[in-house]
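Over in TrEMBL, the protein carries these features:
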- 88, 132, 133, 134, 135: phosphate binding site (BINDING)
- 211, 213: substrate binding site (BINDING)
- 48-298: domain 'Nucleoside phosphorylase' (DOMAIN)
């Protein structure tokens, strides 16, 4: 069974679950929120942008950065973790921007997205843009390059997300918003100090063997087989590899959210498997997608760039 993308003409976030209407209360357990315990429209109804990333610390730092970029906070000011009662995810606000961690891998981001999408639905948010900001392994590109995903593909280079539901395999489209990707690329032209490109992103279920690494606790293939596979991926249009994009694209598309994936490449996987850059270099690399997204949000809000110290 194949499910395809569906967008709401009203701009509302869709949920495709008739059982929700029969529930007296919807408890968003992993976010420590609920429809009876919290006034979700009052708390979140004005959200226009959602940015998600793997690490709680990184998303806290991004929220701080966005508050400065939007002129909402002075140096050292911080906002509370809205999911403070949960140890699974962290959530911070910067005006109309919601910043949420999703952990590592498809299972973790899937749980977060189910509850996030219901949150946006219950809050009656409209015209929300959601962007995954992350790190990745590059493929045939310079370390530090930022990849804007046009198509999320699986380990066979196919644009699909397969989910087993009640024993049946459900295939979902991983289409991302092409106009949004082009808009992000246009914003990157104002950030010429690092390369930015559009390409396919391959999503795997594993960091080691699933991505063709030779340095895991297990390895069942030769270095020649690894390079042959990665070259086939490159020839299929793949420019980076991570572990969340297919599930992200599928769930967001089905629920009417315009979505993008923007990741920096920490290395070129055709040249090796282990990340050897210093912490200082890696920290600067991780700022690159955040700077691009900040420029995009400022453009959407018609705000000038803040003065730099």
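Glycine is treated like the rest: Cβ placed from N, Cα and C.
Structure with TrEMBL features highlighted.
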residue : record                 : Cβ within 10 Å
88      : phosphate binding site : 17
132     : phosphate binding site : 28
133     : phosphate binding site : 24
134     : phosphate binding site : 26
135     : phosphate binding site : 20
211     : substrate binding site : 22
213     : substrate binding site : 17
Cα-Cα distance, maximum over 88, 132, 133, 134, 135, record's phosphate binders, Å:
20
Between residue 211 (substrate binding site) and residue 135 (phosphate binding site), how many Å separate their Cα atoms?
14
Suppose you look only at the domain 'Nucleoside phosphorylase' (48-298); what would the mean pLDDT be?
95
